[in-house]
């Protein structure tokens with residue numbers, strides 16, 4: 001079983017890499033690589049300055065640590081460990097990302113979107129209930145599935161989705177996506193915890209809620 005999961009993980013990463021070159025949402029690079037750097041005297045590409053190619057090393061394309069479980073004690077019982085440009089500078093301009101998700105029993109990654117990239121899940125351990133909602137063009141259709149180790153599920157770019165551990169043990173997922181920085185908008189935080197807060201009267205009317213309930217939700221999320 002472990003060998004099968006490793007094979008599936010490798011396949012997902014290869015598919016994510018292949019799709020990034022064909023249907024990449026990030027700008028297509030005009031050079032082999034643009035390793036991100038904090039130095040500001042280089043070329044600026046895709047939100048980062050490029051390291052001098054002559055000073056690029058193997059370690060610019062390497063990182064470790066996805067074998068370490070995330071802390072699920074705080075929050076809703078879910079934690080993601082993201083490999084981004086800060087952690088892996090060689091990701092810049094390549095149009096891919098990878099992350100580890102850890103879920104405590106009953107843990108939840110609340111409804112959210114990734115505005116700049118799609119996402120694909122490979123369950124390594126546990127039992128997850130996942131789903132996404134289509135846009136108004138498709139009548140806000142809800143698609144859900146219960147996932148087990150070895151199962152793969154894809155979430156289209158920009159659509160609201162969620163992940164919940166419905167098993168009795170911890171759950172682990174490896175996630176890959178089609179952007180080096182897909183972004184993340186948690187719906188509740190954005191609507192009720194914006195800075196500054198949205199006028200409660202607007203939200204009360206939009207969601208058919210009592211004004212005081214809106215004020216309560218804003219206090220919870222802000």
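Using the three backbone atoms N, Cα and C, a Cβ is placed for every residue, glycine included.
Note that this is a predicted model, so its numbers are computed, not measured.
Annotation source Swiss-Prot lists Mn(2+) binding site at 112, 114, 161. Under the heading disulfide bond, Swiss-Prot lists 34-50. Residues or ranges marked as domain 'Cupin type-1' by Swiss-Prot on the basis of sequence analysis: 64-215. Annotation comment: Swiss-Prot describes 38, 139 as N-linked glycosylation site. Residues annotated as signal peptide in Swiss-Prot: 1-24. Taken from Swiss-Prot, the feature site 'Probable non-functional manganese-binding site' covers 119.
Fewest other C-beta atoms within 10 Å: among the recorded positions 38, 119, that description fits 38.
Summarising model confidence by region, the domain 'Cupin type-1' (64-215) averages a pLDDT of 96. Between the alpha carbons (Cα) of residue 34 (disulfide bond) and residue 112 (Mn(2+) binding site) lies a span of roughly 30 Å.
Within 8 A of the CB centroid of the Mn(2+) site residues 112, 114, 161, the other residues of that chain are 111, 113, 119, 132, 155, 159, 160, 162, 184, 185. With a 10 A radius on its CB, residue 34 (disulfide bond) counts 25 other CB atoms from all the protein chains. In the three-state DSSP classification, residue 112 (Mn(2+) binding site) falls within a strand. In the three-state DSSP reading, residue 139 (N-linked glycosylation site) counts as coil. Annotated pair residue 119 (site 'Probable non-functional manganese-binding site') and residue 38 (N-linked glycosylation site), C-alpha to C-alpha distance, rounded: 28 Å.
Across the fold, the C-alpha of residue 112 (Mn(2+) binding site) and the C-alpha of residue 139 (N-linked glycosylation site) stand 18 Å from each other. According to DSSP, residue 161 (Mn(2+) binding site) sits within a strand segment.
Closest to residue 114 (Mn(2+) binding site) in space, going by CA atoms and restricting to the recorded positions 38, 50, 139, is 139.
When the recorded positions 38, 139, 161 are screened for a Cα within 10 A of the Cα of residue 50 (disulfide bond), the ones that qualify are 38.
Looking only at other Cβ atoms within 10 Å, the busiest spot among the binding-site residues 112, 161 turns out to be 161. All chains included, 22 other C-beta atoms sit within 10 angstroms of the C-beta of residue 50 (disulfide bond).
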